[in-house]
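**Q** The structure under discussion is supplied below as structure tokens; questions concerning it will follow.
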Amino acid sequence: MAEEQVNRSAGLAPDCEASATAETTVSSVGTCEAAGKSPEPKDYDSTCVFCRIAGRQDPGTELLHCENEDLICFKDIKPAATHHYLVVPKKHIGNCRTLRKDQVELVENMVTVGKTILERNNFTDFTNVRMGFHMPPFCSISHLHLHVLAPVDQLGFLSKLVYRVNSYWFITADHLIEKLRT
């Protein structure tokens, strides 16, 4: 807390506060130089596990081939279904409540990637698929991510609750797209 107050009083740019250390210096234009590192771009958060995965800084996560340059896809570490994938924007976006109307295409692209990944894994019964987002404060990671689950008819009791269609804590991708358009 004291370090944060010192950093604010030193005139650090807001982007630099998170990476500021005792060795931080401020140049005449107010840029951040923490141990020789440049400030993080606003679309990257070094404390976010999904940002690190997108930046290929987590060698333990296998990225699935994704033909969209703005998105990544990988298997959920605690799968609720035989096919449980996460489709994640490379740029840091907080959650589904922070989305704007002009980001409908992003969500549509996430759904397209999810369907493509399922097809590549020989799952084509799209009537037995659930795609959606957890609503804050029920997001385990504060980086937008689409859950792609199949087959839905084989979800366990708890998973049926956790991924319940358009509940207080989970919204389907189709419903989110509809809400963003209105």
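Using the three backbone atoms N, Cα and C, a Cβ is placed for every residue, glycine included.
Found this in Swiss-Prot, in case it helps:
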ACT_SITE  His145  active site, tele-AMP-histidine intermediate
BINDING   Asp76, Ile77, His145, Leu146, His147  AMP binding site
COMPBIAS  21-30  compositional bias 'Polar residues'
DOMAIN    49-160  domain 'HIT'
MOD_RES   Ala2  N-acetylalanine
REGION    1-42  region 'Disordered'
MOTIF     143-147  motif 'Histidine triad motif'
**Q** Using a Cβ cut-off under 8 Å and a sequence separation of 6 or more, which residues in the same chain sit near the residue listed as 'active site, tele-AMP-histidine intermediate'?
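**A** Non-local contacts for the residue listed as 'active site, tele-AMP-histidine intermediate': Phe50, Leu86, Val87, Val88, Phe133.
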**Q** Between the binding-site residues Ile77, Leu146, whose Cβ has more other Cβ atoms within 10 Å than any of the rest?
**A** Leu146
**Q** Just give the helix, strand and coil counts over the domain 'HIT' (49-160), going by DSSP.
**A** 39 helix, 23 strand, 50 coil
**Q** Across the listed AMP-binding residues, Asp76, Ile77, His145, Leu146, His147, what is the farthest Cα to Cα distance, given in whole Å?
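**A** With Asp76, Ile77, His145, Leu146, His147 as the binding residues for AMP, the largest Cα distance is 14 Å.
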**Q** Around the recorded AMP site, report the further residues of that chain (criterion: Cβ within 8 Å of the mean position of the Cβ atoms of Asp76, Ile77, His145, Leu146, His147; site residues excluded), sequence-ordered.
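**A** Everything else in range on the chain: His84, Tyr85, Leu86, Val87, Val88, Val148.
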**Q** Under 8 Å between C-beta atoms and at least six apart in sequence, can you list the same-chain neighbours of Asp76 (AMP binding site), or say none if there are none?
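**A** For Asp76 (AMP binding site), the qualifying residues are His84, Tyr85, Leu86, His147.
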**Q** Restricting to the domain 'HIT' (49-160), what is the model's mean pLDDT?
**A** 97
**Q** Which number gives the other C-beta atoms within 10 angstroms of the C-beta of His147 (AMP binding site), all protein chains shown included?
**A** 22
